[in-house]
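Trainee: Shown below is the structure under consideration.
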Amino acid sequence: MTEVLYFLDCYLREFEAIVEKVTDDKYVVLDRTAFYPESGGQPSDTGKLVREEDGAEFEVVYVGKFNGDISHEITPVDGNAALGLKAGDRVRGIIDWDRRYRHMRMHTATHVIANVIEKEAGAQITGNQLGLDKSRVDFSLEAFDRDKFAEYEKIANKVITENHPVNLYLVSRKEAEEKLSRLTTLAKGFSEEISEVRLVEIEGITIEACGGTHLKNTGEIKGIKIEKLQNKGKSNRRMYFTLLD
């Protein structure tokens, strides 16, 4: 099984790895990776793999999880790369940092604003989708008072400027279910194969089960702006927000 490097270090930009297998000359599984695979509403990382033997470069255009494997879809960058990667090759992975860091800001911001909506409005978060320019949060809320969301934005931005530390933990599934009441329900939805749960804690604010990439403190978000609110029928609502740069 691939060692997941971003679970405890989201700021790792480069890493060394060994190719374990290659499918159709372009789907590469490594023994360890810092590339984030698309999941949980967060798009995948991109970047490149550089073969140690000859410096041949391969662009990583997409990363996904298939049948338990983290698969890196590659395309050759130069002539040497046309030979392709094979099992046993040693490579250096390089993350597209601008893209990764933008998603980190978006993801931690999503936890902040979602927590505010839950606490202040009593909403139940039902989904999210991150983007580079804007992200969305879906939630269930019967009394949909749009005017209150300006206040929720202010509360979220106050949390952001307070520079709350963000901590990452890997705990056993049993520990998560026993000690954290909120995770008891969430963990029941996990595959039985999952023995460890990755937790993301914003100190003094919230702790969630989440596999995404996050910042070290809320201050790095800088700020958010709620762009649009939508009524999706019955009690289903949607909110779009952007980052302040």
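Please read every residue number as a count from 1 along the shown chain.
Just so you know, glycine gets a Cβ as well, placed from its N, Cα and C.
Annotations for this protein, taken from Swiss-Prot, read as follows:
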type    : residues                       : note
BINDING : His107, His111, Cys210, His214 : Zn(2+) binding site
Trainee: Rank the binding-site residues His111, His214 by the number of other Cβ atoms within 10 Å of each Cβ and report the first-ranked residue.
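Mentor: Selected residue: His111.
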Trainee: Using Cβ atoms only, which residues of the same chain lie under 8 Å from His107 (Zn(2+) binding site) while being at least 6 residues apart in sequence?
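Mentor: Those within reach of His107 (Zn(2+) binding site), by Cβ under 8 Å and sequence separation of 6 or more, are Gln42, Leu130, Cys210, Gly212, Thr213, His214.
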Trainee: By the DSSP assignment reduced to helix, strand and coil, which category contains His107 (Zn(2+) binding site)?
Mentor: helix
Trainee: With a radius of 8 angstroms around the mean position of the C-beta atoms of His107, His111, Cys210, His214, what other residues of the same chain does the Zn(2+) site pick up?
Mentor: Thr108, Thr110, Val166, Val200, Glu208, Gly212, Thr213
